[in-house]
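What TrEMBL records for Asp327 is active site, proton acceptor. According to TrEMBL, the 3-phosphoshikimate binding site annotation covers Lys31, Arg36, Ser180, Ser181, Gln182, Ser208, Asp327, Lys354. Taken from TrEMBL, the feature phosphoenolpyruvate binding site covers Lys31, Gly105, Arg134, Gln182, Arg358, Arg402, Lys428. Look at TrEMBL and you will find 26-437 tagged as domain 'Enolpyruvate transferase'.
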Amino acid sequence: MSDSSPASLPSTVMVAPSTLHPARPEVPSSKYYTLRYALAAALAPGESRIVLPAQSDDSEALFRGCRALGAQLRWEDEQERVLLIRGTGRPYQPGPVTINVGNAGAVARLLIGLGAMLPEVTIVTDHPQSLGKRPNRELLEALTALGVCCEGSGPEGCLPITMRGGAIHGGRVTVSGARSSQFLSALLFLSPLLPEGLEIDVVDGLKSQPLVRTTIEVLQEAGIQIEYDASLLHFLVPAGQHYQPREYHIPGDYPSAAALLAAYAASSDPASQLTLSRLRPGDEVGEYLFATFERMGADIQRYGDTIMLRGGRRLHGFEIDGDPITDCIPVVVAAACFAEGESRIYNVESLHYKESDRINDLCAELNKAGCRLEPQRDAIIIHGRPEGIEGGVSVDGHNDHRLLMALAIAGLRSQRGLTVTGAEHIAKSYPHFFEELRRCGADVQQSRG
Ligand SMILES: O=C(O)C1=C[C@@H](OP(=O)(O)O)[C@@H](O)[C@H](O)C1
Ligand SMILES: C=C(OP(=O)(O)O)C(=O)O
């Protein structure tokens, strides 16, 4: 449905020291809401309208998954980006089916959950070095307890995974939330369709809680009744429920906005001013992100759904729990590299299990560029260099769109620029990020070599 695949994007970008202009870029649509609304629509009997779904490799992977679950997708208006999804009421495929989930972790986990209702499904990835290494063991254990026959790869239940769900049942199940919230979200999407309903106990704590609340919000909008406690460790989803067809409007994407905000926050020029709209106020990730920029001393303001940030402020060291804004951490780290003093971002152990190891790989690449970071098991310490960094080296994105964004921000504040390789992986969430940065005044040269 889109042309943002890695093959069509440059694999190397050169980011030179730059001054950013006043700019009002369009923010991409939210990945979190696109995935959830499209899935809820695919499970509803009848037609739903999705207005402004995200355009990225991750959303393409989800659309493939929706079709594999039996839904039909077509554009009502491709120009205006209105997508129609006709769902079947429950996952339906008469025979075995294979779904390629690209490099999309959330898509993989949500589809593992729902695919467990099919007679036979194989979930594969064409990114064996990234998603192919991420664990699914916790989710497969829960599904096995619910009667699904699961065959994953290796002890961590990596992709490819084949499941046969002929004997699936509901009841009560336990799932660990220590490494990812996506295992719980996957069970929540599945639970209303199980003939006995499902009671879920979450053990070992729960990461990325704002995204579980996003799952609950979307399920409720789709007409699903859920009982849960405030700690999000116990859920009861009654049986015999149906997803309702709806019209869904996708808001702007905070983690994408975070990358542009971080680039302007790190800019030393007071004339550089960024204005971003379509960013829903009250969004848990959004509010926490806003407070984080305030905390580092950025000149940031909000007017309704519009956020303005002016560069040229001397940023200072700060300390935050990074878990509530897990996907924004790489770019927040990049901004902190140019703050005065030390910053500490803690409670981020789950960053080891993303597209790359976002603690060790991020620190290694930024240190290569001249930044000073200390990776810890569950934290990142940043010793800021307000004077900027040397650069003049090649750094790699480790198959990770968010590392690419962080490295580009560092390049802007380097003396000799940075060559960033693996740049095609930006397509996972924000295919036009480098072009957008260029439109903001950054000197970004792209090449396929
Ligand atoms: O549920 C979701 O949509 C997501 C949950 C988060 O993962 P974890 O729960 O593994 O932290 C996040 O990093 C990912 O980009 C999307
Ligand atoms: C971690 C991410 O995605 P996922 O887990 O869905 O692959 C992300 O988008 O930063």
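Glycine is treated like the rest: Cβ placed from N, Cα and C.
A map of TrEMBL features onto the structure.
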| residue | record | CB count, 10 Å |
| --- | --- | --- |
| Lys31 | 3-phosphoshikimate binding site | 26 |
| Gly105 | phosphoenolpyruvate binding site | 21 |
| Arg134 | phosphoenolpyruvate binding site | 22 |
| Ser180 | 3-phosphoshikimate binding site | 26 |
| Ser181 | 3-phosphoshikimate binding site | 26 |
| Gln182 | 3-phosphoshikimate binding site | 26 |
| Asp327 | active site, proton acceptor | 23 |
| Lys354 | 3-phosphoshikimate binding site | 24 |
| Arg402 | phosphoenolpyruvate binding site | 32 |
| Lys428 | phosphoenolpyruvate binding site | 28 |
Based on Cα coordinates, which of the following binding-site residues are within 10 Å of Gly105 (phosphoenolpyruvate binding site): Lys31, Arg36, Ser181, Gln182, Ser208, Lys354?
Gln182, Lys354
Of Ser208, Asp327, Lys354, which recorded positions are close to Arg134 (phosphoenolpyruvate binding site), meaning a Cα within 10 Å of its Cα?
Lys354
Among Gly105, Asp327, Lys354, Arg358, Arg402, which recorded positions lie by ligand 2, judged by Cβ under 6 Å to any atom?
Gly105, Asp327, Lys354, Arg402
Measure the Cβ-based neighbour count of Arg36 (3-phosphoshikimate binding site), defined as the other Cβ atoms within 10 Å of its Cβ.
26
Chain-internal residues near Arg358 (phosphoenolpyruvate binding site), provided their CB is under 8 angstroms and they sit 6+ positions away:
Ile329, Pro330, Val348, Leu351, His352, Asp400, Arg402, Leu403
Which binding-site residues among Arg36, Arg134, Gln182 have CB under 6 Å of ligand 1?
Gln182
What are the non-local neighbours of Ser208 (3-phosphoshikimate binding site), defined as same-chain residues 6+ apart in sequence with CB under 8 A from its CB?
Ser180, Ser181, Gln182, Asp323, Pro324, Thr326, Ser350
Quick one: pull the CA-CA distance for Arg36 (3-phosphoshikimate binding site) versus Asp327 (active site, proton acceptor), whole Å only.
17
Roughly how many angstrom lie between the C-alpha atoms of Lys31 (3-phosphoshikimate binding site) and Lys428 (phosphoenolpyruvate binding site)?
10
